[in-house]
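Working notes for the structure below.
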Amino acid sequence: MFKSGFVTIVGRPNVGKSTLLNYIMGEKLSIVSNKPQTTRNNIQTILTGDDYQMIFVDTPGIHKPKHKLGEYMVNSAKESTKDVDLVLFLTNPDEEIGKGDKFILETLRDKKCPVFLVLNKVDESTQDRVAKSLEMYSKEFKFAEIVPISAIKGKNVDVLVELMKKAMPEGPKYYPDDMITDVQEKFVVSEIIREKALRTLRDEVPHGIAVDIIQMKQNEIGTYHIEVDLICEKDSHKGIIIGKNGQTLKRIGENSRYELERFLRSKVNLKIWVKVRKEWRDNQLLLKELGYKANSKK
């Protein structure tokens with residue numbers, strides 16, 4: 001009997017959703033950074049075995065939106081929980097149950113599919129804190145399974161995957177065996193560059209950063225030539241991104257090139273320009289150009 005289904009991963013920003021997905025897949029398909037709200041698009045990732053296929057939807061964190069981009073991210077996350085076969089609610093034992101957690105759980109209240117509580121980052125917590133967190137969440141919601149894990153170290157992730165397989169309904173193989181994602185190569189490239197920018201800049205520049213790929217082509221010997229605009233919202237941010245004598249931008253480029261060559265398995269020539277687009281996160285036309293398309297309301 002072949003089993004297949006759709007799995008969505010939800011939780012507050014920065015609880016480790018993308019890290020978990022990347023560990024399961026063994027591929028860097030979803031942007032990972034220490035800043036919240038780094039995932040901006042739903043990414044369908046396909047895990048296929050001999051007798052199963054699970055299609056994961058990696059979502060932005062659900063939060064109170066502050067701008068048009070924030071509204072897109074929240075609507076995208078909510079939309080992803082519709083018509084799925086399993087929901088993984090990811091949280092952190094060292095944080096109290098907040099309004100954000102309760103808001104997410106309330107949106108899951110009427111789901112007919114199973115909801116797993118996945119307690120991440122247990123390696124950074126204490127046994128008492130983990131036990132207290134499990135008790136608190138058990139009172140808030142009736143979970144089909146409760147699994148403590150460490151996504152970054154892979155602890156108990158194999159147990160989680162086995163439980164997920166069991167939860168999948170009987171179904172067809174939706175995608176070919178060798179297909180691991182439904183996103184275009186350019187999207188992954190832009191996400192890698194954005195991650196490196198966020199990591200390099202740390203808290204110096206907020207989330208008003210986007211990557212627009214101007215050109216991406218491969219020559220006859222296999223080398224990729226990639227030109228991108230790194231978009232920010234303020235002139236002051238542009239100066240920070242470039243850095244003294246261009247050193248910060250150079251570091252972003254070097255880190256991006258290394259990761260891109262691993263992903264593309266080829267040599268990469270990368271050129272990055274920094275452009276200011278004031279209040280781009282509230283510009284619906286520019287958001288569409290950058291690939292952020294709002295989900296249709298059902």
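From the backbone N, Cα and C atoms, a Cβ is placed for every residue, glycine too.
Per Swiss-Prot, the feature GTP binding site maps to 11-18, 58-62, 120-123. Counting every protein chain shown, 29 other Cβ atoms lie within 10 Å of the Cβ of Lys17 (GTP binding site).
Per Swiss-Prot, domain 'Era-type G' is recorded for 3-170.
Swiss-Prot lists 201-278 with the feature domain 'KH type-2'.
Annotated region 'G1' per Swiss-Prot: 11-18, in sequence order, evidence recorded as sequence analysis.
For 37-41, the entry in Swiss-Prot reads region 'G2'. When pLDDT is averaged over the region 'G2' (37-41), the result is 42.
According to Swiss-Prot, the feature region 'G3' maps to 58-61, an assignment based on sequence analysis.
Residues or ranges marked as region 'G4' by Swiss-Prot on the basis of sequence analysis: 120-123. Each residue of the region 'G4' (120-123) gets a DSSP state, and the totals for helix, strand and coil are 2 helix, 0 strand, 2 coil.
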Residue counts (helix, strand, coil, in that order) that DSSP gives for the domain 'KH type-2' (201-278): 30 helix, 27 strand, 21 coil
